[in-house]
Every structure is written in C-alpha cells, then in structure tokens.
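Visitor: What Swiss-Prot shows for this protein is this:
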BINDING   GLY173, ARG174, SER175, SER198  NADP(+) binding site
Amino acid sequence: MNDATATRLDGKALAKQIETELSQRVAAVIKKTGRTPILATILVGDDPASATYVRMKGNACKRVGMESIRVEMPASTTTEQLLAKIDELNNNPDVHGILLQHPVPEQIDERACFDAIDLNKDVDGVTSLGFGRMSMGEPAYGSCTPQGIMYLLERYFLKNGIEFAGKNAVVVGRSAILGKPMAQMLLNANCTVTICHSKTQNLEEHVGRADILVGAVGVPELIKKDWIKPGAIVVDAGFHPTEDGGVGDIELKGIESIAAAYTPVPGGVGPMTINTLIRQTVEAAEKAAQA
C-alpha cells in the first residue's frame, strides 16, 4: 500500500458521538418512567488504579444524564459480604446495571461474585451465563472491551461497505474478559477465527494471514508490524505506559503504510470500553422501562 493510506479508527471521537445519542435515549427513559437510569459500581479495597477507573465510569454516566451509585467496601471484605451486597443491588429495582471493579482482594472468590450478578444487570458482561448465552447467539451483554471493538468495527465496515463474513480474524490473547469473548463475537459475525496465545507456535505466520487482527495479549509491542498482511484491519487492545505516552501490544509506528485501518494507542479501544458499559446500562434501563 502507499504511504499513509490507513484509516485511523478514532475510538475517542466515536465514543463522544455515541454519548450524544445515549443522552437522548436516557432523556426518553426518564420521560417515560420518571426514573433516571442508574449504574452501581462496587469498589472493594483501596487500589488507586481501580478508584480512578470507577471515577471515570461515574463521570461517563454524568455526561449522558445517568446516575452512578458508588459502593465502597473495605479490603477485608469477605466473599459472603460481597455476595450479600450484590444480592441487595440485584433486588433494587432502581439499579439497572451492576459493575464489580476488577481486581478484588485475593481472599474473595471473584468468579462467584461475578456470577452472582443478575443477568439483566450484567452490563459489564462478566457472568459465565452471559458469556455462554452470547456464545450460543442468545441475547446477553458482551464483555465491554470486545463489544466496544465490535461496535467500532461495525461502524467502519458499514461506512465502507465491508462485511465480516468470510474474513480471517486472528485474536492474539485468550483472557476471559477480552480474548475469548472477542473471538466468539467475531465467530458470531461469520469470520473464520484463529486464537493465538503464549503457547502458539509460529505466531508470525498466523498474524500474517489475518484480515482482521486483534492484539489482546498484554505484552508491549509483541506483534511486529512487518508480520502484518497489507490491507489488514488492525485493532490494538493493549496499553502499556511509556515516557512518550504509551504503546500497545502491536508495533504501530509506520502501520499507516501497511494496514487498511488501525486503532491508535491511546485513543482507540480504551474510550470504547467505558462507552460500551454506559451503552449497555442504557439498554438495560430501556428494557426495564418496557417490562
């Protein structure tokens, strides 16, 4: 491809555009029900990074006219105490979405607590039941980062007359909240999907076959740009702070002359993650309003 031809998939700009749409949908819910959509965020312990993420999610709620209830619990919290709090929120009709901020202190059974969240309020897409339903093509809220990536790609594909069907998609990474659901979503969209991970042999060969490449492995610039097929659509879900700002899991410097489209780091996938959480909470509120 010629130099500097790739489309920059600007997640920050799209998230801002979607927030305008969500504000209108929130206003419609309030007008219909007299109740403001509410996201409950549970923060266990005092991890500063987690507190920052929760604050960012609360700010995103405010921007679209939603409310955010912040539930703070001490680091000494037990699994039973956290399960009781989740049950309380499950049974509160004013709460439309529940987010348990990861990670929780090591004495807590995180999976049991995730799975205790009501499926209708699992707007972060963390329950095993929700993942199973999504895998079977049944309605469920997807894990926010891969769902945000799909939305970003759908907008780009629709604008450019591209279809997912038949594309070779390669996902590098197999985490429960990113790699696995990402692969399943691409499969649901009729892509031919390959999942690569730390035990994969000949990673370069797999990457080189990708029409759609998703880097979700958590290793700085593990995937080299010269492995990438010309004309591929490149999605980098990684972020690793550096003195210059940060890098992802894919070597992006010079990617403009190789890829058809790519997500920048930062400003690509990250903004879509929180945006998807808010969008799915609005959807939950809309469904509750129709019940």
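FYI, residue positions are counted from 1 along the chain as it appears here.
Placed from the backbone N, Cα and C atoms, the Cβ positions cover glycine too.
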Visitor: I need the least crowded one of these binding-site residues (GLY173, ARG174, SER175, SER198), counting other C-beta atoms within 10 angstroms of each C-beta.
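Guide: Lowest Cβ count within 10 Å among the binding-site residues (GLY173, ARG174, SER175, SER198) is SER198.
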Visitor: Among residues GLY173, ARG174, SER175, SER198 annotated as binding NADP(+), what is the maximum Cα-Cα distance? Answer in Å.
Guide: 11
Visitor: To test your reading of the NADP(+) site: which residues beyond GLY173, ARG174, SER175, SER198, same chain only, put their Cβ within 8 Å of the Cβ centroid of those residues?
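Guide: Along the chain, the qualifying residues are VAL172, LEU178, GLY179, ILE195, HIS197, ALA216, VAL217, GLY218.
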